[in-house]
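Enquirer: Handing you this structure, nothing more for now.
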Amino acid sequence: MVAPHLWLRAETKPLEERSALTPRTAKILADAGFQITIERSSQRAFKDKEFERLGFPMVPEGSWRHAPKDAYIIGLKELPENDNSPLKHTHIQFAHCYKNQEGWREVLSRFPAGNGLLYDLEFLQDDNGRRVAAFGYHAGFAGSAISCLVWAHQLLHPNKQFPAIRPFPNEKSLVRHVARQVRLALKKNNNQYPRILVIGALGRCGTGACDLASKIGIPFDNILRWDINETKKGGPFTEITESDIFVNCIYLSMPIPKFCTVESLNVPNRKLRVVCDVSCDTTNPNNPIPIYNVNTTFDHPTVEVKGVTTPPPLEVISIDHLPTLLPRESSEAFSEALIPSLLALKDVDNAPVWVRAKKLYETMVQKL
């Protein structure tokens, strides 16, 4: 049996510092007989020298296009923009084209056009239907952190745009920074901590959002933990307007009643200042938070909700790669969880996780 060849491509999405493989997990695979090739990257949280030190061959950024046909091209976010050329390789990545997202046909059609194959990381599942690896915890953690920073900024710097934000070296430094800003803002809020409503609180993402809130000192009773039992009555929910911060952590798999609308938020005595849509189903027609229509970025983290004229200010965070706020820790956790599935590439035609992923790809291609 020929050892699988994994080719780690450099991410090209602006400010994306995460990596599908880390030096540690790449070595685990190499020790198991895999051939590993690493593209150089100026923005990856793990420096080139960390891979070089372990003896991995390094190749120029973007050279995956010329990789051997049998190499698996592994990455995280979308391929470079403004390129619709056919794809001849097998790609392992988050493609965001299986849930009717805007432009999904253009993204997906590149794979069959070049006789390539897509294994979408979002849909790698175990025998129980649970994702084998996900960034959910760190997405919720980061979304909650930025939400608290935006809340504090509104109180400390009224009428000033929330500034660009950059990744933190580790969780400890992020928690320390957010806690300090919230403490400063308390003086402008009658020493009252914000009330945070987390919907999807029982999942990995929601757990991360609640953990951040707890770690920065927000009292337990100020963190409303909602899940399916609380939302099954159907929205819009007045509890959202009565909270200072709303963090949406659900996994959207079917149409559901709206959690909130511009109309439901445009009411007197609204407390809500910040909405973080961690789920970020911006272009999904079933988005339960239809109060914005653009993805925000680390350079411009928030967007105002148009049509809401009552005070206080209301901003949405809709960054679609929140875990890169903690790129090293989130990458290590994700990559470690992915290792058993990657090891199964040695028997890719029979390993259930890959057989299911290929079948799903073929089903989606039939819809083109």
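Quick reminder: no glycine exception, Cβ is built from N, Cα and C everywhere.
Straight from Swiss-Prot, here's the annotation block:
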BINDING   Arg18, Lys77, Gln101, Arg131, Phe135, Ser279, Cys280, Asp281  L-saccharopine binding site
ACT_SITE  Lys77  active site, proton acceptor
MOD_RES   Ser85  phosphoserine
ACT_SITE  His96  active site, proton donor
BINDING   Arg130, Gly203, Arg204, Asp227, Thr231, Tyr251, Val278, Ile319, Asp320, His321, Leu322  NAD(+) binding site
DISULFID  Cys205-Cys249  disulfide bond
Enquirer: List the Cα distance (Å, whole number) between Cys205 (disulfide bond) and Asp281 (L-saccharopine binding site).
Expert: 14
Enquirer: Tell me whether Leu322 (NAD(+) binding site) sits in a helix, a strand or coil according to DSSP.
Expert: helix
Enquirer: Measure from the Cβ of Arg204 (NAD(+) binding site) and count the other Cβ atoms within 10 Å, all protein chains considered.
Expert: 18
Enquirer: Near the Cβ of Lys77 (L-saccharopine binding site), how many other Cβ atoms are there if near means within 10 Å?
Expert: 17
Enquirer: Could you tell me the maximum Cα-Cα distance in Å between the residues recorded as binding L-saccharopine, namely Arg18, Lys77, Gln101, Arg131, Phe135, Ser279, Cys280, Asp281, rounded to a whole number?
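Expert: Looking at Arg18, Lys77, Gln101, Arg131, Phe135, Ser279, Cys280, Asp281 as a set, their Cα atoms extend up to 23 Å apart.
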Enquirer: For the residue listed as 'phosphoserine', list the number of other Cβ atoms lying within 10 Å of its Cβ atom.
Expert: 10
Enquirer: How many whole Å apart are the CA atoms of Gln101 (L-saccharopine binding site) and Cys249 (disulfide bond)?
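Expert: That comes out at 18 Å between the alpha carbons.
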Enquirer: I'd like to know which of the recorded positions Ser85, Thr231, Cys249, Asp320 sit within 10 A of Asp281 (L-saccharopine binding site) at the Cα level.
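Expert: So the list reads Asp320.
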